[in-house]
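J.: Sharing a structure here in C-alpha cells format.
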Amino acid sequence: MANIGVIGMAVMGKNLALNLESRGYEVAIYNRTHSVTEEVLRENEGLNLVGSESIEKFVGLLERPRKIIIMVKAGNPVDMTIESLIPYLDKGDIIIDGGNSFFRDSERRYRSLKEKGLNFVGLGVSGGETGARFGPALMPGCDKEVYQEIKPYLESIAARAEDGLACSAWLGTGGAGHYVKMVHNGIEYADMEQIAETYFLLKNLGGISNLDQADLFDQWNKGELSSYLIEITSNILKEADDTAKSGQLLDYIEDISLQKGTGKWTNLEAVELGVDSSVLAAGLNARVMSMLKDERIKASHVFSRPQPNLGGMEIEELKDVARQALLATKIIAYAQGFALYKAAGAAYGWDLEYDVIAQIFRAGCIIRSSLLNPMMEAFKNNKDLENLMLDPYFTGLLEENIQGLRDFVTLAVQNAIPVPAMAAALSYFDTYICENGSANMIQAQRDYFGSHTYRRVDIEGSFHHEWE
Ligand code: NDP
C-alpha cells in the first residue's frame, strides 16, 4: 500500500511526490485531469508511484491512517478537493493542504474536519519547483499529536540547514503554518523590492552595467548579505538574451510585476492587528504601481526630473552605501515580519516560537539568508525580545549600516529615483528610535475637532480642552 498520497500534479504536487518517493516512500498520486497523472507516471516509469483515475480508488491505495497532501490551486479548489475526499476517509485520517491557502481558510477547514473526526494540517511550503523536488522549507500548523504522525515524512523531504537541522517544525494549531508562510511571502516581497531598488539606482545613477552589478552582487553574496535572492540576482544580471542577441535578458523584460495574493494578505493582516508593515507594504505597492505602465509613461512626459547628480560620491563609495542600505533594510523588513508574528501569536492563541521560525527559514525557502542564523540566536537568547532591532547583534549591525541607508535614500530622493522600501525602512527606524514623536499634534487635532481627549505628560488622567 502507498505510504502517502499527493493530489494535484502541477509543478508543486508533482515535485513533492517525487521528493517523497526519492526518500523511500511509496506515493499514490491523483490529479483532477487524469491525463496529467498518466503523464507523470509515464515520465517516471520505474519509480514507486501509483496513480488512479478516481478519488475513491486513490484513497483505497493508501495505508491507514491516510496521509494526503493536497497541492491544488488555493481557494475553492481546496474545499472542492476536501469535499470529494470526505466520503471515503476514516476517522484519524490526515488531510494536509500544502498550497498557499489563506490562514483563515485553514482555521475553518481545521475546525470543520475536526468535527468529522478528521485531522487537518495547513502546511506552508516554500522553495518553488526546485525546493519541492529537493528540499523545501515546510511550515505545518496542526494538532501537535498529528505533527508526530507526519513528522518523519516532512523531515525527510525538507531542506536541511548547514547544522543538519531540518527546515520543518510544528508551529501551532490550525492556520499557524499558513500564517507563517503568508508573512514569509510578505518579507519575500520586501526583500525582492529592496534588491530591485538597489539595482535600479546603481544602474540609473551610478551608471553601473549589469555585468558589473552581477560581480557586485556576487561579492555581496559572500558576506553578511549572503542569501538566495542576492545569489539569483547576480545570475539574472549576467543572463544573456537569446532573442535580441545583445545585452542581457533583464533589459528586455517589461517592468510590470505580478502577484498572487499572499503579499496582500500579509499587509491586510498587519493593518488588522495594528502592526507597522511599511517595508512589506512598499514591496506590495511597488508591484501595484508597476501595473500603471500607461499612466507612468504619460506622467513621465508631463513632469520634469532633476539631472542625475551623485553629489561628488565616488562609484566605489556608492557601491558600499548600497550594500549598507540593503543590509539595514533587510533587518528592518524582518523586524516588521517578526513583529507581525508576535501580534498574531497573541491574537490567535498560537505560541509561535520565533527562533523556530527563523530556523525553518534558513534553507529551502526563497528568503533563506545567512542573517537567519543570528536571528534564530536572537530569539533563542531572548524569547521576549520586543523588536529584532533591539537584539545586541542587530543593534550593532544597524549602527554600522544605517548611515549608508540614510545616504542611499537621500541620493535617491534628490535624483527622483523611487526607493519606497528603502525609504519606508528608514522612516520606520527613525520613528522607532524617536523618544518624543509628533503624535502630540495628532492628539491635539483629534481633541480639537472631535473632543477625543488626550493625556498629558505632566498630570495623570484624560483631558479635553475647549479649543479657541
Ligand atoms: P497551480 O496553483 O497552478 O494549480 C494547478 C493544480 O490545481 C492542478 O493540479 C489542477 O488540476 C488543480 N486544480 C485547479 N482547480 C481545481 C479544482 N477545482 N479541483 C481540483 N483540482 C484543481 O499549481 P502549483 O503546483 O503551482 O501550486 C499548487 C499550490 O502550491 C498553490 O496553492 C500554490 O499557490 C502553492 N505554491 C506554489 C509555489 C510555486 O512556486 N508554484 C510555491 C509554493 C506554494 P487540473 O490539472 O485538473 O487543472
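Glycine is treated like the rest: Cβ placed from N, Cα and C.
Caution: TrEMBL annotation is automatic and unverified by curators.
Annotated NADP(+) binding site per TrEMBL: GLY8, MET9, ALA10, VAL11, MET12, GLY13, ASN31, ARG32, THR33, VAL72, LYS73, ALA74, ASN100, in sequence order. Annotation comment: TrEMBL describes ASN100, SER126, GLY127, GLY128, HIS184, ASN185, TYR189, LYS260, ARG287, ARG446, HIS452 as substrate binding site. The domain '6-phosphogluconate dehydrogenase C-terminal' annotation in TrEMBL covers 177-468. The active site, proton acceptor annotation in TrEMBL covers LYS181. Under the heading active site, proton donor, TrEMBL lists GLU188.
Help me see these features in their spatial surroundings.
T.: DSSP assigns LYS73 (NADP(+) binding site) to coil in the three-state reduction, placing it in neither a helix nor a strand.
Sequence-distant neighbours of HIS452 (substrate binding site): residues of the same chain at least 6 apart with a C-beta under 8 Å from its C-beta are GLN443, ARG446. DSSP assigns HIS452 (substrate binding site) to coil in the three-state reduction, outside any helix or strand.
In the three-state DSSP reading, LYS181 (active site, proton acceptor) counts as helix. Long-range C-beta contacts of LYS181 (active site, proton acceptor), restricted to its own chain and to partners at least six residues apart, with a cutoff below 8 Å, comprise ASN100, GLY124, VAL125, SER126, MET139, THR262.
Around GLU188 (active site, proton donor), the C-beta neighbours below 8 angstroms that are at least 6 residues distant in the chain are LEU229, GLY263, GLY283, ILE366, ILE367.
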J.: Using all protein chains in view, find how many other C-beta atoms are within 10 Å of the C-beta of LYS73 (NADP(+) binding site).
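T.: Cβ-Cβ neighbours of LYS73 (NADP(+) binding site) within 10 Å number 13.
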J.: According to DSSP, collapsed to three classes, what secondary structure does MET12 (NADP(+) binding site) have?
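T.: Helix, per DSSP.
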J.: Which of ASN31, THR33 (the binding-site residues) has the most other Cβ atoms within 10 Å?
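T.: Neighbour-count leader: ASN31.
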J.: For THR33 (NADP(+) binding site), which of the binding-site residues GLY127, HIS184, TYR189, ARG287 has the nearest Cα in space?
T.: GLY127
J.: Out of ALA10, MET12, which of the binding-site residues has the smallest number of neighbouring Cβ atoms within 10 Å?
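T.: It is ALA10 that, of the binding-site residues ALA10, MET12, has the fewest other Cβ atoms within 10 Å.
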J.: Quick one: of the binding-site residues GLY8, ALA10, MET12, ASN31, which has its CA closest to the CA of GLY127 (substrate binding site)?
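T.: Out of the listed candidates, the nearest Cα belongs to MET12.
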